[in-house]
Amino acid sequence: MITRILFLLGLIVAMPVLAAEEGAKLDRQLCSICHGPGGTTSSELFPQLAGQPAPYLINQLKGFRDKSRADQNAKRFMWGVSSRLTDEDIQHLASFYEQQPPLHGTVTNTAESQLGARIFTQGMADKGVPPCMSCHGERGEGHGEIPRLAGQHETYLKRQLKVFYGNDRPAATAMHEVVKGLSDADIQAIAQYLQAQ
Amino acid sequence: MIQSKINRSLILLASLLSLVAALPAQAVPSFARQTGEDCAACHTSFPELTPFGRNFKLNGYTLGERQMLPLAAMMQFSMTHIDKQTSDGNKYMMRQNDPQFDGASLFLAGKISDNAGGFIQWTYENLDHLRNDGTTIAHHSHVDNTDLRLVGTYDLFGRDTVVGLVLNNNPTVQDVWNSTPAWGFPFNGSKLPDVGGPGGSPLPSAGTQIDGGLAQTVEGLGGYFWWDRHLYGELSFYGTADGFWRPLSKGAWYKSTGPTLAGRDNPYWRLAWNQDWGAHSLMVGTYGMRVDMYPDPTVTSGPTNRFTDTALDAQYQYISDPHIITAQATYIHEKQEYAAGAFDPSCAAAGSGTPCNSSDTLNTFRAKLSYLYDRKYGATLAYFQTLGRADLGLYNGASAKPDTRGYILEADYNPWTNVRFALQYTGYTKINGGNNGYDPASPSRKASDNNTLFLNTWFAF
């Protein structure tokens, strides 16, 4: 009994000494569990956040918080986490991730990547698909409210492009029109190209 | 006859399912209501935790908004079929093929403050134990697993470190990896009395103390740290849940008083290294405890028996969409040292429960591999064994050994994240030291005669 009391007292005394820093960063304590340290992860379940433009991240986090973005994994993982974020938290996180260096994948299928590059840079006029780079930037780097696509996971990109067939991301009005002209093979090719940029 | 019972049970299950399905989407246990997250954020498949779920627990269940009434519930129904019925019928199988209401639990679970949280489970066991008449089953409601925490997050060597105090009533219930006993596979098993199988078994009787032997009969208080989401360390001390701690005890039915520990400083330790990278998560660790126990639980003085459990464990998870793979393994070594007068070197009464040796050992190994598709369809393959030193006083099989070995095959269907249908087959290659004739009372009986098919439904809301 004495052993136990001494041990617990010691632990309680040690706690304030350990408290060197008040309020550790939200991204370290919460977001990186899924999105990886600094917003880079090799898990295709969760998107890369590093290098995303801050205005895009702000829009998405607010979309999760007000539940207007409602794709399946947004509901599963982001609705709850975002519900406690203040506007200030969101601004802080967006600025943080915008400044992190993004990762780049490697080409695993050259033919697909070449087709993806053509669609990305030239579009498919006959199917009403504009060049992706016209909005997402020459190298898919994104800007403002348009997301960075370069270096994003192939599986994640494919999943999101298919989300645009429905109405679970209503804010992305342009993408709802764009995907109408894309086949599964086109989506695969675009995702293969972008993940290596 | 069996067909009509199955039909009736299916109708019953369909009715309950429609009731649960009719609940709103938020109708999931209270942690989900508190955090706003789907069950999938914390669980691959209940009760296995994801990296997010482990952090939620180690941070004291404090994420989210405190609920006014943090209540949740679960209930279970099942059917059991054993391979071979014995001539005396009731001995090995009661209510074979009958749909059963196994029981239900109520949880008071959630955040208390930004630094405190936990859960208290109260369970009604509809199939608790066999009465003295040998033919009827008694019910029992009692406090079940309890885990209460006080936590803080600090900076240690430039890394975030969660430091916490934890109070619980079942060694390893506080753990966050599903390789340790309290939350390890199998998550469920037949509750019918005298049906073999880990999870609800009188049949393979030998088990280590840390492997459920002290569950809900002890109180444990300790401290832990979780450094940089990599290193976990814990030191806790356990005592019998009596006196002030009585509310943590599930109590005992008339045939047993449960184990009585000497003092309140029986140590439990845990050290684990965790590595998450992308969709992968790996943990290797060690845990164990040492308990001093009175030979007669009703006499709380005099020399004590000492049980020292030392364990190794590991877990691997691949969590993606739609594929999830999880694997866990643990090895537990127990040294049992008996006090003078608590063993009988003359071995005068075989199978009396009094050891013949001054010390014995038990070695348990378990491993399982699970695959989950789209978080709905699951399959698990598991292996288990407990081997130990021969002791005629404790084990009355032909070899006088406790050795039990077998495997489990399970198929799961989760139509929603809070509803599960599981079909589980438990096969035995050895029970209580033998296969053919392992039971002196039934020389023709084989271990595999106890192979069990178990259909289970599990609702949480």
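Each Cβ is built from the backbone N, Cα and C atoms, and glycine gets one as well.
Taken from TrEMBL, the feature heme c 1 binding site applies to A:Cys31, A:Cys34, A:His35, A:Met78. Annotated heme c 2 binding site per TrEMBL: A:Cys132, A:Cys135, A:His136, A:Met175, in sequence order. As annotated by TrEMBL, domain 'Cytochrome c' applies to A:18-101, A:111-197. Look at TrEMBL and you will find A:1-19 tagged as signal peptide.
Structure coloured by features recorded in TrEMBL.
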| residue | record | DSSP (3 states) |
| --- | --- | --- |
| A:Cys31 | heme c 1 binding site | helix |
| A:Met78 | heme c 1 binding site | helix |
| A:Cys132 | heme c 2 binding site | coil |
| A:Met175 | heme c 2 binding site | helix |
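Across the residues of the domain 'Cytochrome c' (A:18-101), the predicted structure has a mean pLDDT of 84. Shown are the binding-site residues A:Cys31, A:Cys34, A:Met78, A:Cys135, A:Met175; the one with the most C-beta atoms within 10 angstroms of its own C-beta is A:Met78.
Using a CB-CB cutoff of under 8 Å against chain B, the binding-site residues that qualify from A:Cys31, A:Cys34, A:His35, A:Cys132 are A:Cys34. A:His35 (heme c 1 binding site) has a Cβ environment of 20 other Cβ atoms inside 10 Å. Neighbours of A:His136 (heme c 2 binding site), defined as other CB atoms within 10 A of its CB across all chains, total 19.
Residues A:Pro130, A:Met133, A:Ser134, A:Ile146, A:Leu149, A:Ala174, A:Val178 surround the recorded heme c 2 site, their Cβ atoms falling within 8 Å of the Cβ centroid of A:Cys132, A:Cys135, A:His136, A:Met175, which are themselves excluded. Cα separation, A:His35 (heme c 1 binding site) to A:Cys132 (heme c 2 binding site), rounded: 25 Å.
Cα of A:Met78 (heme c 1 binding site) to Cα of A:Met175 (heme c 2 binding site): a distance of 21 Å. Per DSSP, the secondary structure of the domain 'Cytochrome c' (A:111-197) breaks down as 50 helix, 4 strand, 33 coil.
Taking only the Cα positions, the spacing between A:Cys135 (heme c 2 binding site) and A:Cys31 (heme c 1 binding site) is 28 angstrom.
Summarised by DSSP class, the composition of the domain 'Cytochrome c' (A:18-101) is 49 helix, 1 strand, 34 coil. Proximity of A:Cys132 (heme c 2 binding site) to non-local residues of its own chain (separation of 6 or more, Cβ distance below 8 Å) is seen for A:Ile119, A:Phe120, A:Thr121, A:Gly123, A:Gly140, A:Leu149, A:Ile190, given in sequence order. A straight line from the CA of A:Met175 (heme c 2 binding site) to the CA of A:Cys31 (heme c 1 binding site) spans 27 Å. The full span of the recorded heme c 2 binding residues, A:Cys132, A:Cys135, A:His136, A:Met175, taken as their largest Cα to Cα distance, is 12 Å. Across the residues the record lists as binding heme c 1 (A:Cys31, A:Cys34, A:His35, A:Met78), the two Cα atoms farthest apart are 12 Å from each other.
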